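Engineer: This is the feature table in Swiss-Prot:
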{"type": "DOMAIN", "residues": "11-203", "note": "domain 'Glutamine amidotransferase type-1'"}
{"type": "ACT_SITE", "residues": "Cys88", "note": "active site, nucleophile"}
{"type": "ACT_SITE", "residues": "His177", "note": "active site"}
{"type": "ACT_SITE", "residues": "Glu179", "note": "active site"}
{"type": "DOMAIN", "residues": "204-393", "note": "domain 'GMPS ATP-PPase'"}
{"type": "BINDING", "residues": "Ser231, Gly232, Gly233, Val234, Asp235, Ser236, Ser237", "note": "ATP binding site"}
Amino acid sequence: MANVDMQTFDKIIVLDFGSQYNQLITRRIREFGVYSELLSHKLTAAQIKEMNPKGIIFSGGPNSVYDDGAFQIDPEIFELGIPILGICYGMQLMAHNLSGGKVESADNKEYGKAIITVKNQENVMFKDLPETQTVWMSHGDLVTQVPEGFEVTATSDNCPISAMANDAKKFYGLQFHTEVRNTEYGNDILRHFAFDVCQARSNWSMDDFIDMQIQKIRETVGDKKVLLGLSGGVDSSVVGVLLHKAIGNQLTSIFVDHGLLRKGEAEQVMDSLGGKFGLNIIKVDAKERFLNKLAGVSDPEKKRKIIGNEFIRVFDDESAKLEGIEFLAQGTLYTDIIESGTDTAQTIKSHHNVGGLPEDVQFKLIEPLNTLFKDEVRELGEKLGMPHELVWRQPFPGPGLGIRVIGEITEEKLEIVRDSDLILREEIAKHGLDKEIWQYFTVLPGIRSVGVMGDGRTYDYTVGIRAVTSIDGMTADFAQIPWDVLQEISVRIVNEVDHVNRVVYDITSKPPATIEWE
């Protein structure tokens, strides 16, 4: 494998101002085959110049540019001669910093779909696109006067300056979010910026990522040993195969059966990763240990912290039996980082790979997937030669069924979720919907209700079905499963799973809900 020089790849950087959508921008750019990464808005112009990017994108964010403490930038960035695209807050920041621009609080705030009218279809950003377009707005402020040298290129009923452009300087602003799928021509607009404005080359691929990560892992680890916690999910499995490819037997994997796994999962992990790929796996039966720690705990954040901490404790116990372990590998993804919050984004919920680590953790962390989205992880798995059925398994959180049993966890509740989830997966696959639906699972909300079975009255649990369509997990719509399929699933669950007399279907999108219930 040849060493990979990052300077050979054209790059567009995204400066982070705190939008929950900001990492989607990097994802969209990468889809074009152009390398992109999300970086701090605190970077100086000199630091950016050293990186030699083809373009810069200012992300959206929750601030008002005119407020004290609002996220700002080094104004010298505008003097670098590098194309800049400002999205939402990024556009307002551009107007606020450049002479003649003005930003004010909007009389009518916009959150959701809106219709824009393109005023200049000759402008490079809207080239070959319709005059009217559906876009996704999410703003409380707006640009009321464009800076000197700019023209208004699009407008909407509630946002007279929906887009602006200075072709001479190659500065562009969009009040709407091109990175969100609800923006009809968002990808086309970003593509125009990447290729027509920035003149970037499409020379980045997953093969390059593999080469880079293997090189980075080897440089980081040296001759030391790495410990990996296998959860049974796609992410940790891909991390295991990638690390094994990079460092071979320097990797020891610990598979903790914490009693919170899906039906038959422990056996599948040992057979596929231990057998086919030859990973050195130590299996630990810690079911009683985890359930004792979780007894009486109902708060979802506390459950996540307990599970995350206990995983580390198990690793401590097992690593004490091993020599030379210095690193702990985790399957943290981009979406985990953003949902756990950064210095610019509020925490939605702590992720088990991010917020559950104790302060006295004994290992240095390796997180080779923390710049990838879920769909990229699946692509990576297939590039590594992993079985299709393993790579395309349903996403499964590190805390396992511990966050699919709402409230206090008991063995009876876990069995209900295991059995009902298996039925759901069987029926979805039987009806050929497993590739159409991005994620599907059952939850136990902890609700009991009255029912009638046979000649008797019952007072049993309700099972919830969650099924969503998505590209990367950042936004999601509930899957419109045919009614007859839902009926079959419901009938099977009520008849085959003990202590269940009602099945409900979650029809909430993300946002406002998250995909998991806890």
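A Cβ is built for glycine as well, from the same backbone N, Cα and C atoms used for every other residue.
Let's see these features in context: how buried, what's close, how far.
Structural biologist: Cys88 (active site, nucleophile) is surrounded by 28 other CB atoms, counting those within 10 A of its CB over all protein chains shown.
Under 8 Å, Cβ to Cβ, and six or more positions away along its own chain, His177 (active site) finds Ser19, Tyr21, Gly60, Ile87, Cys88, Val135, Trp136, Met137, Ser138, Thr183, Gly186. DSSP gives His177 (active site) a coil state; it is part of no helix or strand.
In sequence order, Tyr21, Leu24, Ile25, Arg27, Arg28, Ile87, Gly186, Leu190 are the residues near Glu179 (active site), counting only same-chain partners six or more apart with C-beta under 8 A.
Sequence-distant neighbours of Ser237 (ATP binding site) (same chain, six or more apart, CB under 8 Å from its CB) are Leu230, Val269, Ser272, Leu273, Gly381, Met386, Leu390, listed in sequence order.
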Engineer: Ranked by the number of other Cβ atoms within 10 Å of their own Cβ, which of the binding-site residues Ser231, Ser236 ranks first?
Structural biologist: Ser231
Engineer: Give the three-state DSSP assignment (helix, strand or coil) for Gly232 (ATP binding site).
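Structural biologist: Gly232 (ATP binding site) sits in coil per DSSP, no helix or strand.
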Engineer: Inside 8 A of the center formed by the CB atoms of Ser231, Gly232, Gly233, Val234, Asp235, Ser236, Ser237, which other residues of the chain have their CB, for the recorded ATP site?
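Structural biologist: In sequence order, the nearby non-listed residues are Leu230, Val238, Val239, Gly331, Phe396.
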Engineer: For the domain 'GMPS ATP-PPase' (204-393), provide the mean pLDDT of the predicted model.
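Structural biologist: Across the domain 'GMPS ATP-PPase' (204-393), the average pLDDT comes out at 84.
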Engineer: Near the Cβ of Asp235 (ATP binding site), how many other Cβ atoms are there if near means within 10 Å?
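Structural biologist: Its Cβ shell of radius 10 Å holds 24 other Cβ atoms.
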Engineer: Which residues in the same chain, at least 6 apart in sequence, have a Cβ under 8 Å from the Cβ of Gly233 (ATP binding site)?
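Structural biologist: For Gly233 (ATP binding site), the qualifying residues are Gly331, Arg393, Pro395, Phe396, Pro397, Gly398.
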Engineer: Where does Cys88 (active site, nucleophile) sit in DSSP terms: helix, strand, or coil?
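Structural biologist: It is coil.
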